[in-house]
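Visitor: One structure is given below, represented as structure tokens, and several questions about it will come after.
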Amino acid sequence: MSRQSLSSPALGQRKGLISHTVDLVRALLFDRRYFWHTAFLLFLGEVALSLLVIWKIPYTKIDWPAYMQQVDMFLAGERDYSKIEGETGPLVYPALHLYIYTAFHRLLPSIENVRPAQFVFLGFYLATYLAISTIYYLAGRPSNGGHHFPQVLLIPLTLSKRAHSIFLLRLFNDPIAMLIFYLSVIAFQIGGRKGWRLGCVLFSLALGVKMNILNFLPGLLVLLFQYRGIVGTVEGLSIIGLIQFLLPAPFFFSKSNPYLIRAYFTSAFDFSRQFLYEWTVNWRFISEETFLSRERAVTLLAGHLTVLGLFAAFKWSPVPGGTLRVLRKGFSDPLNQALEVSQVPAYHIPLVLFSANLIGMLFARSLHYQFHSWYFHQLPFLLYSGAGWGNMLTSVLIWVTVQYAWETAPSTISTSAALLAGHGAMVFGLFFHGMKRPSSSQKSKAK
């Protein structure tokens, strides 16, 4: 018997083992049946890595002391929102932000010892990961021409130094607002009258922490009209508005002074606030004079509204007849939804919301480093949905470029230009290569 024949069984076993391993890895990364297996493995990795970050890397003192100083003034009885301030300046966040950090102030053993707060933010970080995983999973339900969002998209969510820093080392309010917002997206995806009402409640609570949630509002208006009709849209907006009025009630009713109402809203929702040029991440390549100019602000607002209008008109109603048909049906039957849910894929809701936010990021007057959390968890979803121009290599290149810009501190002319180019490429990609209206053949396959 030859040596080759003796070794052939072992060789066959080795090839079989390699083939089995490759199949297992492929299933863990792409097979919907193994979505939560992979998500859980990544979750465990995030737990270990995050604990290591908290243990090994010092907390960064930026806004936490100012938050606590603002809380001190609130607890001391100050109810004029315009007078509440800390070492970094006046309080510019809505009331729920103040209440959350008041809870930290009350419940933590010491506001000087931030380690317990870091573990709370670790909880926020892990909850955000689970929430976004749920959004990806629900978006991948194979119905109405939709398709699976593979769990390989979750891997980039674990690779950002900036994201870990924002959540675990700096204790900003941005992650809290985004976690509540992601919970609202899940409620919208679950759907039904109760789901949309709960989603609007959660959306408003997120807005009550930070006004960046307004970036998602144009997309939400479109979705409310599509899924809930005119009456449902009015109901949803009423829920959001009522909560925004109830949250600051302690400031309104402490004294019979109408000025306090105006002081709250002009402080918590100050659209005219000037940003410091030294902290900008996305506009370093222009002069400070141009950065602070009113003309630039007006131009950016006009561009923002124009692109939102284009997406609303041509991209956000992926049904036969498009936006005109949706509008016609909505206004002719205001009590019912303006489109058939069976006509749109499961990813429609997060895609509209996330793309509206990305447009806001593109035209933002300034982005600071903590604003990275406003869209970081959405990027793999958007790139897979067309922002990567339908090409894996392009998607990876855009993601790496954007992350490099955020990881470089302080920002430079080149990193700001790269970030703006990355945002522009993603918005154009979504518009020209975004997921198209499912064809009749796709729908029949989905059934």
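Cβ from N, Cα, C; glycine included.
Pulled these from Swiss-Prot:
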- 1-34: topological domain 'Lumenal' (TOPO_DOM)
- 35-55: transmembrane segment (TRANSMEM)
- 56-83: topological domain 'Cytoplasmic' (TOPO_DOM)
- 84-104: transmembrane segment (TRANSMEM)
- 105-118: topological domain 'Lumenal' (TOPO_DOM)
- 119-139: transmembrane segment (TRANSMEM)
- 140-170: topological domain 'Cytoplasmic' (TOPO_DOM)
- 171-191: transmembrane segment (TRANSMEM)
- 192-204: topological domain 'Lumenal' (TOPO_DOM)
- 205-225: transmembrane segment (TRANSMEM)
- 226-232: topological domain 'Cytoplasmic' (TOPO_DOM)
- 233-253: transmembrane segment (TRANSMEM)
- 254-296: topological domain 'Lumenal' (TOPO_DOM)
- 297-317: transmembrane segment (TRANSMEM)
- 318-343: topological domain 'Cytoplasmic' (TOPO_DOM)
- 344-364: transmembrane segment (TRANSMEM)
- 365-379: topological domain 'Lumenal' (TOPO_DOM)
- 380-400: transmembrane segment (TRANSMEM)
- 401-411: topological domain 'Cytoplasmic' (TOPO_DOM)
- 412-432: transmembrane segment (TRANSMEM)
- 433-447: topological domain 'Lumenal' (TOPO_DOM)
Visitor: Using Cβ atoms and a strict cutoff of less than 8 Å, what residues sit near the transmembrane segment (84-104) while being 6 or more residues removed from its termini?
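Guide: Cβ under 8 Å, 6 or more out: 62-63, 65-71, 73-75, 78, 111, 117, 120, 173, 176-177, 205, 207-211, 244, 247-248, 250-251, 264, 267-270, 273.
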Visitor: Tell me, please, if the transmembrane segment (171-191) and the transmembrane segment (380-400) are in contact, taking contact as 3+ Cβ pairs under 8 Å between residues separated by 6 or more positions?
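Guide: No, since the transmembrane segment (171-191) and the transmembrane segment (380-400) share fewer than 3 Cβ pairs closer than 8 Å, they do not count as touching.
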Visitor: Give the one range among 205-225, 233-253, 297-317, 380-400, 412-432 whose Cβ atoms make the most pairs under 8 Å with those of the transmembrane segment (344-364).
Guide: 205-225
Visitor: Is it true that the transmembrane segment (205-225) and the transmembrane segment (297-317) have 3 or more CB pairs under 8 Å, sequence gap of 6 or more?
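Guide: Yes, these stretches are in contact.
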Visitor: Taking a Cβ cut-off under 8 Å, which residues six or more beyond the ends of the topological domain 'Lumenal' (105-118) line up next to it in the same chain?
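Guide: Contacts of the topological domain 'Lumenal' (105-118) (Cβ under 8 Å, skipping residues fewer than 6 from its ends): 54, 59, 64, 68, 71-72, 75, 168-169, 171.
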Visitor: Report, as numbers and ranges, which residues of the same chain sit near the transmembrane segment (233-253): CB under 8 Å and 6 or more residues beyond its ends.
Guide: 79-81, 94-96, 99, 196-197, 200-201, 203-205, 207-208, 220-221, 224-225, 260-261, 263-264, 268
Visitor: Would you report the average pLDDT that the model assigns to the topological domain 'Lumenal' (192-204)?
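Guide: Mean pLDDT, the topological domain 'Lumenal' (192-204): 98.
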Visitor: Within the same chain, where does the topological domain 'Lumenal' (192-204) have neighbours whose Cβ lies under 8 angstroms from its own Cβ atoms, ignoring anything closer than 6 residues to its ends? I mean 6 or more beyond.
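Guide: For the topological domain 'Lumenal' (192-204), the list is 180-181, 183-185, 213, 216, 220, 224, 227-228, 232, 235-237, 239-241, 243-244.
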Visitor: May I have the DSSP-based helix, strand and coil counts for the residues of the topological domain 'Lumenal' (105-118)?
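Guide: Secondary-structure composition of the topological domain 'Lumenal' (105-118): 7 helix, 0 strand, 7 coil.
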Visitor: Near the topological domain 'Cytoplasmic' (226-232), which same-chain residues lie under 8 Å Cβ to Cβ, leaving out any that are not at least 6 residues past its ends?
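Guide: Sequence-distant neighbours of the topological domain 'Cytoplasmic' (226-232): 188, 191, 193, 196, 317, 326, 330-331, 333-339, 341, 344.
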Visitor: Go through the chain and flag residues at least 6 beyond the ends of the topological domain 'Cytoplasmic' (140-170) whose CB is under 8 A from any CB in it; none is fine as an answer.
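Guide: Sequence-remote neighbours of the topological domain 'Cytoplasmic' (140-170) are 28-30, 32, 34-35, 38-39, 42, 45-46, 49-50, 53-54, 57-60, 62-64, 118, 121-122, 124-125, 128-129, 132-133, 341-347, 369-370, 372-373, 376-377, 379-381, 384, 399, 403, 406-407, 438-439, 442-443, 445-446.
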